[in-house]
Amino acid sequence: VFFKLLQWVLDKQDLLKERQKDLKFLTEEEYWKLQIFFANVIQALGEHLKLRQQVIATATVYFKRFYEFGVVSNTRLISAATSVLKTRFSYAFPKEFPYRMNHILECEFYLLELMDCCLIVYHPYRPLLQYVQDMGQEDMLLPLAWRIVNDTYRTDLCLLYPPFMIALACLHVACVVQQKDARQWFAELSVDMDKILEIIRVILKLYDQWKNFDDRKEMPAVLNKVPKPKPPPNSENDQSSNGNQNSSYSQS
């Protein structure tokens with residue numbers, strides 16, 4: 001279990017190195033907006049399907065793992081759900097969606113291959129519950145800390161830090177917001193508080209970026225800067241091709 005956890009806790013410098021190809025056509029701020037946007041897309045799809053938040057979070061982690069080691073132009077297929085998103089995100093996906101179920105299923109194999117079939121994802125939710133119960137402030141802190149954990153999936157935190165550290169950072173932010181003095185409780189932990197503070201800074205940066213982010217106005221321009229994948233043949237061409245093959249078979 002510990003090995004599987006460490007397998008996907010990446011080094012920040014390696015992550016930045018992988019990201020350089022994206023930053024050739026996106027600014028750092030635009031990259032942040034892209035992260036927020038696609039997490040919102042997956043969240044909207046999950047809510048439409050009435051999935052539990054942990055399932056939505058797992059899908060978001062899969063997306064991020066693929067994204068960091070793939071190319072940004074793959075994102076349209078990975079987060080595909082045009083029938084659900086047509087109304088809410090029509091400004092970002094204005095044209096007819098060219099992919100069909102067979103493309104989605106094929107893409108699952110690419111996803112599995114890249115992730116080395118490692119589908120188990122550990123989230124901050126369980127340790128968060130344990131910490132809040134230990135602190136004895138479940139009703140006061142849990143709802144806010146839980147929402148902050150949800151928001152962290154719009155950042156790289158799930159790729160860089162173990163879940164228990166993210167849970168502690170979210171709980172720390174919730175304590176500050178709710179004006180709960182938990183300094184003694186945190187002081188008794190055997191944990192690197194410098195790492196917790198790093199996570200908190202990322203969370204605060206997310207909220208700073210997010211508060212002025214109007215995805216409806218800004219995302220079309222950002223998505224236009226992203227290299228587009230070559231679309232698969234449409235269904236009409238497929239049918240035409242199949243028809244020609246059938247004709248040749250009948251003639252023979």
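Keep in mind that glycine also has a Cβ here, set from the backbone N, Cα and C atoms.
According to TrEMBL:
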DOMAIN    40-113  domain 'Cyclin-like'
DOMAIN    130-205  domain 'Cyclin-like'
REGION    221-252  region 'Disordered'
COMPBIAS  235-252  compositional bias 'Low complexity'
If you run through the domain 'Cyclin-like' (130-205) with DSSP, how many residues end up as helix, strand and coil? 58 helix, 0 strand, 18 coil
PLDDT averaged over the residues of the domain 'Cyclin-like' (130-205): 94
